[in-house]
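For reference, TrEMBL has these:
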- A:Thr152, A:Lys178, A:Thr189, A:Glu275, A:Asn401, A:Thr406: substrate binding site (BINDING)
- A:Thr189: active site, nucleophile (ACT_SITE)
2 protein chains.
Amino acid sequence: MKIISGGVCAPKGFRANGIHCGIRRNKSKRDLSLIVSEAPCAGAAVYTRNKVKGAPLLVTRKHLEDGRAQAVIVNSGNANTCNADGVEVAEKIASFAGRALGLAPNDVLVASTGVIGQRLDPAPIEQGLPSLVAGLGADEEASVRAAEGIMTTDTVRKEAAVEFTAGGRTCRMGAIGKGSGMIHPDLATMLVFITTDCAISPAMLQKALSHDVQKTFNMTSVDGDTSTNDNVVLLANGLAGNPEITAEGEDFTAFMQALNTITVSICRKIAGDGEGATKMLECRVSHAKTERDARICAKSVITSSLVKTAMFGSDANWGRVLCAIGYSGADVDVNKVELSFRSKAGEVLVCRDGAGVDFSEETAKKVLLEKEIDILIDLHDGEAGATAWGCDLTYDYVKINGDYRT
Amino acid sequence: MKIISGGVCAPKGFRANGIHCGIRRNKSKRDLSLIVSEAPCAGAAVYTRNKVKGAPLLVTRKHLEDGRAQAVIVNSGNANTCNADGVEVAEKIASFAGRALGLAPNDVLVASTGVIGQRLDPAPIEQGLPSLVAGLGADEEASVRAAEGIMTTDTVRKEAAVEFTAGGRTCRMGAIGKGSGMIHPDLATMLVFITTDCAISPAMLQKALSHDVQKTFNMTSVDGDTSTNDNVVLLANGLAGNPEITAEGEDFTAFMQALNTITVSICRKIAGDGEGATKMLECRVSHAKTERDARICAKSVITSSLVKTAMFGSDANWGRVLCAIGYSGADVDVNKVELSFRSKAGEVLVCRDGAGVDFSEETAKKVLLEKEIDILIDLHDGEAGATAWGCDLTYDYVKINGDYRT
């Protein structure tokens with residue numbers, strides 16, 4: 001497997017574009033994106049578990065009932081959630097896109113991100129579609145435009161792509177994603193769209209995605225708030241020409257590895273671009289009793305406001321990490337916990353057997369001043385492990401969210 | 001029942017004091033407090049459910065096994081948690097205090113608050129005890145000194161006192177508390193000490209306290225972090241002369257009402273003095289299916305970082321409240337939710353039947369610019385209700401916690 005460029009346009013037969021159609025006031029900001037495959041795709045998706053679900057998710061779920069789709073249309077600037085006619089509007093958008101692309105509305109998936117609780121006017125989308133379709137491209141720049149069209153408070157684009165082999169054929173997989181605030185996914189995260197030309201059945205595609213998100217998007221948190229519009233979509237058009245993957249085996253394993261490389265890459269980008277973040281935190285828990293305990297523990301640490309602010313201040317206040325392990329609900333023996341901080345500037349052990357050890361504050365400061373920090377927790381209590389991704393809590397998070405609507 | 005002054009010294013037979021003994025470097029800051037009853041007390045306590053428990057809690061729990069106690073000694077500046085000899089040190093402190101007061105060490109309860117993971121040197125406490133005991137007083141100022149001695153990042157003292165009648169006798173109850181950060185209690189909150197001269201059996205005292213904290217301290221959150229040292233202690237010395245309360249009935253009800261008035265008052269003070277807070281948030285959920293659903297829902301809203309930052313910005317971004325209800329895990333029908341914001345400047349309805357309604361942004365701004373905000377949620381789905389208390393999330397929370405240790 002190798003890392004390549006090209007985002008969602010890396011796999012064969014996928015085109016993309018992103019334009020400004022007028023949902024956002026700022027004309028320099030793209031607000032409408034489209035991803036289309038030239039051949040019908042197996043489709044899989046996971047959705048937020050928030051009981052308040054964005055209307056587009058309900059429509060996408062309905063359109064994916066047959067396990068097939070061929071295009072995704074996404075707007076930013078308005079979440080089309082908690083309003084009276086959301087589903088109707090989302091269906092309209094799918095119809096407009098289907099008409100412009102010559103596809104059945106049922107083969108178009110819909111997603112929206114932005115403010116909750118305001119009516120989404122579909123008119124700018126209908127009017128923008130001709131130029132959105134006319135500008136579709138299959139190159140790296142086309143994927144970039146699509147990635148830009150789904151950004152809200154994101155400060156950097158999130159893209160990833162890999163090449164792998166299945167059934168003796170070269171396959172590719174690519175993704176674009178967005179997410180910066182309201183990030184604490186439960187079964188999925190804020191919008192991520194993954195494309196592949198690998199041939200794989202809808203059932204195996206959903207199996208791969210559902211399994212992967214437990215270890216990736218569900219282990220990522222910016223602010224503890226699970227969005228209403230979380231949605232990860234994976235489309236496979238089979239144009240790589242490999243024998244369709246219909247069961248577990250070598251090819252499915254290769255597919256899962258490619259998928260995990262893509263999703264971990266997007267998770268790290270989402271965490272590192274958390275609203276106001278200056279640092280990406282990766283918490284690795286090892287030697288837990290069960291994988292569930294490891295996950296609960298890792299996620300509790302990267303979610304703690306006090307751990308996050310300490311990391312912002314480059315302060316090795318490790319008692320807060322122990323505290324977050326203690327209240328996590330994981331089955332851990334707190335008297336066995338070993339804890340280190342690590343970054344490219346070095347590593348410092350701060351706690352062993354649940355109690356503090358002498359360490360150099362100067363070294364700790366140097367380690368924590370870096371932009372990517374590993375929080376390494378060894379529970380000395382079993383064989384399971386897990387990793388979670390998060391970011392620091394900063395003045396800018398408060399600033400960005402103190403007056404988001406205006 | 002009437003509100004009175006005097007804090008923990010309001011009930012008969014209780015004396016208190018607080019001094020600077022040298023645990024903190026800042027000599028103008030008291031760091032050691034003592035509360036003593038002239039008669040033996042029935043004692044009850046609730047403790048953090050964090051698996052990492054402060055050493056003083058283990059000692060207090062042991063000393064309360066017989067349901068009796070007569071004094072509490074508390075230091076700030078060091079939590080005596082996650083170190084090698086914490087329990088030994090906490091036992092020493094109880095012994096020093098017992099010797100100075102002529103009490104068995106077993107009748108002295110111990111509590112600590114401050115940084116986690118550093119050894120607590122008991123020497124300054126031993127050396128400070130003679131002057132701490134010499135300065136004990138039974139007046140309002142004595143309670144003030146004790147309240148000051150337990151403050152950490154608190155900006156205001158937390159005290160409360162009431163007078164009520166049980167068995168035809170006038171009884172009093174008073175409390176001091178501290179808590180500003182790492183506040184998301186699970187069974188208890190950061191240190192609160194409640195005194196009463198009402199005669200009540202240890203079993204009924206524990207019953208009253210355990211029941212009350214579910215509706216009060218467990219419904220308060222500043223930052224979602226459950227402290228390792230949460231502890232509420234309630235001492236009853238019986239000097240009011242009422243017939244001892246040994247079962248449910250009119251007197252127990254009066255006692256519960258007095259206790260709830262005290263605890264709600266302390267909760268509101270802790271929430272309003274949350275680290276960096278500019279606003280106190282009270283979330284009242286009504287017409288829920290069950291009280292559990294109401295509590296989960298109310299606590300989810302006041303815990304949401306996005307709701308908290310919106311309140312800091314006086315921004316009526318009500319979609320975030322709906323979002324927090326949706327991911328709370330409570331059994332709610334999101335299509336029935338009605339939501340208003342209220343303060344002394346007025347009230348504004350922002351959502352009905354789960355969808356936005358037209359409202360004046362100007363009025364909403366005026367309502368949300370106040371210092372105390374009510375978030376009123378009507379679930380239209382049953383008869384149960386609950387209230388939770390929290391605060392906004394501000395630049396100063398980040399500042400205070402970015403470098404707490406130095």
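Just so you know, glycine gets a Cβ as well, placed from its N, Cα and C.
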* Asked: Relative to the Cβ position of A:Lys178 (substrate binding site), how many further Cβ atoms are located within 10 Å?
  -> 28
* Other CB atoms, at most 10 A from the CB of A:Asn401 (substrate binding site) -> 27
* To do: State the count of C-beta atoms found within 10 angstroms of the C-beta of A:Thr152 (substrate binding site), not counting that atom itself.
  => 22
* **Cross-chain proximity of binding-site residues to B (CB under 8 Å), evaluated over A:Thr152, A:Lys178, A:Glu275, A:Asn401** => A:Asn401
* What count of other C-beta atoms do you get within 10 angstroms of the C-beta of A:Glu275 (substrate binding site), across all chains shown? -> 28
* To do: For A:Glu275 (substrate binding site), name the DSSP secondary structure in the helix/strand/coil scheme.
  => coil
